[in-house]
Amino acid sequence: MARNLRNRRGSDVEDASNAKVGYETQIKDENGIIHTTTRSLRKINYAEIEKVFDFLEDDQVMDKDETPVDVTSDEHHNNNQKGDDEDDDVDLVSPHENARTNEELTNERNLRKRKAHDPEEDDESFHEEDVDDDEEEEEADEFEDEYLDEDSKDNNRRRRAADRKFVVPDPDDDEEYDEDDEEGDRISHSASSKRLKRANSRRTRSSRHPETPPPVRRALRSRTRHSRTSNEENDDENDNSRNEALTLADEIRELQEDSPIREKRFLRERTKPVNYKLPPPLTASNAEEFIDKNNNALSFHNPSPARRGRGGWNASQNSGPTRRLFPTGGPFGGNDVTTIFGKNTNFYNQVPSAFSDNNNNKLILDSDSSDDEILPLGVTPKTKKENTQKKKKKKPEIADLDPLGVDMNVNFDDIGGLDNYIDQLKEMVALPLLYPELYQNFNITPPRGVLFHGPPGTGKTLMARALAASCSSDERKITFFMRKGADILSKWVGEAERQLRLLFEEAKKHQPSIIFFDEIDGLAPVRSSKQEQIHASIVSTLLALMDGMDNRGQVIVIGATNRPDAVDPALRRPGRFDREFYFPLPDVKARFKILQIQTRKWSSPLSTNFIDKLAFLTKGYGGADLRSLCTEAALISIQRSFPQIYRSNDKLLVDPSKIKVKVSDFMLALKKIVPSSARSTGSSPQPLPELIKPLLADQLNNLKNKLDYMLNIKDTTFQRNTSLLQNFIDYEEYSGEEEEHDKYGGNEDTSSFRSYEFFESMAESQICKPRLLINGPKGNGQQYVGAAILNYLEEFNVQNLDLASLVSESSRTIEAAVVQSFMEAKKRQPSVVFIPNLDIWINTIPENVILVLSGLFRSLQSNEKILLLCLAENLDISEVKNGILSDFAFDKNIFQLHKPSKENITRYFSNLIELLKTKPSDIPMKKRRVKPLPELQKVTSNAAPTNFDENGEPLSEKVVLRRKLKSFQHQDMRLKNVLKIKLSGLMDLFKNRYKRFRKPPIDDAFLVHLFEPETSNDPNWQPAYIKDENMILEVSTGRKFFNMDLDIVEERLWNGYYSEPKQFLKDIELIYRDANTIGDRERVIKASEMFANAQMGIEEISTPDFIQECKATRQRDLERQELFLEDEEKRAAMELEAKEQSQENILQEPDLKDNKANEFGVAAGNQLQAQLQTTINTASIVNNSEVPQPIDTNLYKKEIPAAIPSAVDKEKAVIPEDSGANEEYTTELIQATCTSEITTDDDERARKEPKENEDSLQTQVTEENFSKIDANTNNINHVKEIQSVNKPNSLHETVEKRERSPIPKEVVEPEQGKKSDKELILTPEQIKKVSACLIEHCQNFTVSQLEDVHSSVAKIIWKSKSAWDKTGTVDEIIKFLSE
């Protein structure tokens, strides 16, 4: 329509009659419809016309903004305003326009008629690619000649010629189009630019005359930048163009002239060269598409030029299955692509395709959510019920307001040695709940607070947990709140106090409840002027909450601390902390019970005697230390029984019932464990060592008797740490006080009080100022005696005042430390104030400190059980009686340590005489293993509890693998998405910067035959490109291409094909290698640049953790792919079998068996290959002509030496009878008999060994050669004779296991482990001589000097422990003593 609405010049009234005649003419089309004009037969592309209008409107807006105001145009507008008002439909025509002749118009119409509509080329009638370049130029020149003068015409021609010479087409602009499109663009370039020039000139005229817009001529949008640029440059030039107008007469004359009667017929003129290139053969899908395209040639649903020119014949594949050289499928799509190199595998489908009927839902991932379940037809999904109740507002006040879950597995039975405290806690918690009437009878309130204090690891926290668990039951629940200082403190002012209030309110709501403050010394320290105000406020709040105006109900507060002196004193009073439980280090009985508790659940529990001895050895161990000791002993027993599990990453099959803890395990654990009490400074309580007992045992017994007399320990009726309940259970109540109450002249109650007072005063009067000073020569074992006395007084509270304890804390003075220790001793009586090294102490400590301590002891009553125990060396007695120590009253309680007597020395050195008389064979020594450790079997994956089905039967390995892969599926999908996002930046950069690589080096149209096996197998077909392994071979040149492009890379990326960045980099490298193969310099440079950018970009996004996760995901993808291929093979086999069954009713059994035998899965490939190799190797060994002759067993008996040690098991080792042959002859004989696998290099190395190791070397050669003989002659019939005589199988198995064992091979030494009847060369006279020399030499020696002599003599004897002749040892001892 736009082409027909052309501007005509002038109008002739005479043509009206011709128009009338034209209207009366009737024309019939193909469908029989009558038309009166040819205009109705023309098909109009309204979409293109609308685009032209939009284009013109945009240009008009631009022209209005850019066109300057022209005075002449305004005058012309004013002059023509009158004519516009008279007739709006008639445009103004200049005289110059009227000068156009009818002959010119006729020629122009004839040129337009040559472009008549052709039904077969409907798609070409609306696009500028089919316009003849020469005719368009001629038409444009004639059109411009109508309005321009001669000078303007010449200028326009010169400018167009310069433009065509100057403008060079940009190759990058048309990279994405095919060659046909580029050719069409070049043809239509000049025509479209001319049309745009005419459109611009009309826009200029329309802007000058907005009242009468002329009819719009056809103006196509240019597809190149050059045409648009030319239009913009020529806007100013077209402003001076003449105005044109279309009158009604011109329109009527055009309708008359378009009549088919007057139209001349022109034959089709070919303007394009003939293309004799044969297209690729049509495939099945291409043929259907081609037929459909021809049938629908008259339709308007034609693709755009860019789409139509892309792909050529292969473009029709878009509606069918997509074809690619490389697989692009992933979990996000691309699995419907037919590939040549590789295969698309949708391995993210969890249900095997062989067992699934719905294969179209492969991309639907499995979900564990019930919302994703497929519902039956007609069933609506269940909607979540909204909670209509009013939701409770979550309390944001305290983060840890919820009570702590009580561990019901912990109870009082798990606590040993604290029976007294357990009974007292029960009467605080359980008894008020069970027997409230007992408390109401006396109108009392049970204690509501208790403070646990003592050394670390003594069971304070365990006691609180056991209390909550033991007192809770199904009928009554006790809520347990556990808080630490960090849970309460806050940086906001007043927040900590608010937290405490909320905690007590919550505990009161859930009463009965227990609040346990662990490490309460950090929450409520001692208030002082130097302390921060925040702690003082917290302490005040806690004091008010524990015992304020409000009754807190059945809320029990328990505090635990290691430093009771650091807790504020206001808390340590009845009403707040009613009771204070001191958790001391457990004594022997408590340790015995704790060890029983820790080992009672063992499969092989320890005996009572064993635990008793162990409890005696663990002095100073707390509850936590004893538990750690049992754990270490059990781990050491595991290491001793199964060391293989520490050298293997796989789970091995072990029998736990074979593991038993022995004495050696506990002894090793005792060396490893350091108890908590041993970490502190000063001497810790320890019993007298066994080695020192002969020297100090007698004097220590005398000290114990003296302490019993001083403190009256045995006559004490009740001790604080013992259970009062147990006392009432064991003893009856005293019944004589009712009968004797009249003797005291009062009633029953008064007499009872007087009776108790009398006997208590008599018992206390036996204690009077307990002081004890142990003095003796220097180095006479004072440290052993002091530790042994503290061990004997383990029920006493010990306060150590040694120098290290007093000066360790720089923040306090020595006087303060002394006063604090004394006050603690006074609170917890009976107690001991221990001062070691008193002689050094009085010379170091200032005199005022000694006076302060003496003043404190003076303030004590004489019957208080506070023992002052001091140790000294060579202290002057006069100084004790009359000097500065006289105030301590050591006059009568000074114990003098004497030097060991002759009898003590004789018993002390008796162990050395026993060591001297010990045979080397009786000395326990570490023996090297004779046999290697047995190889433990690996536990299969089915042993895990999750690898069993509902019936408890183990699942197969493949099912277990599928479950494992399914569990990682969501994680792998998430990682692929992360990888896509990280690589998307590089992908966008490559698409925009390197457009040349968006197409492969070889067009897909030339590779269509690769997808058709029938075509490729045709001998008459000679393709230009063929497949060569994983590359495309160009037959003419012999070059090979990978044919990778960026479109494939992008498709792979967004489909989730890549699991790790190196896959993406590998595809970019393929593009780079193809560029090198082509050899184009610019292409190689661009490809190298792209490859470098890819390398650096991937290196930036690659972190070690991310790469590790990507590798794991890649490995799982390979496993999924393997399972998928195996399922596909099974499915194909099932389909084939079903097809055969449909064709044949009865299958032959041999054929069926053969088919089943030939079906192998993917996972069975390695096993099948290994079996085939084994069969081939066996057959080659048997059929080989170089197999050695049968071996003479007698020859081995005579010639092979027997150098195997006696410790080797005779049943599993080969011990030849004769060992007289030399080593060289043996090696040569074995080499001649064995196969070629045994080389002579070992023999040459064996000859170079020293002669000292001939025996061991000969043994190793014999074992290795025997194992090789057996390994290489395993399939020979004559081997049975050798096995029957020499039994080489057992040796071969032993050596083979030794090589496979992770533990290195160890050979026993010949002299170790032998027990012989050989006697020592040691006479009784020599023993007596040594004993006499020792006693004579050590007369008047102190304990320290005796220890020195003992150590030196023990070294001499131990050095010659393996010698049977002790004469030299005796002489060396006597020589040492004489010196």
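Placed from the backbone N, Cα and C atoms, the Cβ positions cover glycine too.
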Candidate annotated as phosphoserine in Swiss-Prot, where the set is S367, S528, S810, S956: S367
Among S285, S811, S941, residue with annotation phosphoserine (source: Swiss-Prot): S285
Annotated phosphoserine residue, as Swiss-Prot has it, among S683, S735, S901: S735
Annotated residue, phosphoserine, per Swiss-Prot; candidates S370, S676, S1180: S370
Candidate set S11, S188, S222, annotation phosphoserine, source Swiss-Prot, matching residue: S11
Additional residues around ATP, ordered along the sequence, whose Cβ is within 8 Å of the centroid of G454, P455, P456, G457, T458, G459, K460, T461: F452, A560, N562, F583, G622, G623, A624
Packing count at T458 (ATP binding site) (other Cβ atoms within 10 Å of its Cβ): 26
Cα-to-Cα gap, G459 (ATP binding site) vs S1142 (phosphoserine), nearest whole Å: 79
Spatial separation of S1142 (phosphoserine) from K460 (ATP binding site) - C-alpha basis, Å: 81
Binding-site residues listed as P456, G457, G459, least Cβ neighbours within 10 Å: P456
Using Cα positions only, nearest of the binding-site residues to S1142 (phosphoserine) (G454, P456, T461): T461
Among T461, S1142, the most crowded of the recorded positions [Cβ within 10 Å]: T461
Cβ atoms near K460 (ATP binding site) (within 10 Å, other residues, all chains): 26
Protein Cβ atoms within 10 Å of P455 (ATP binding site), excluding its own: 18
In three-state DSSP terms, the structure that P455 (ATP binding site) belongs to: coil
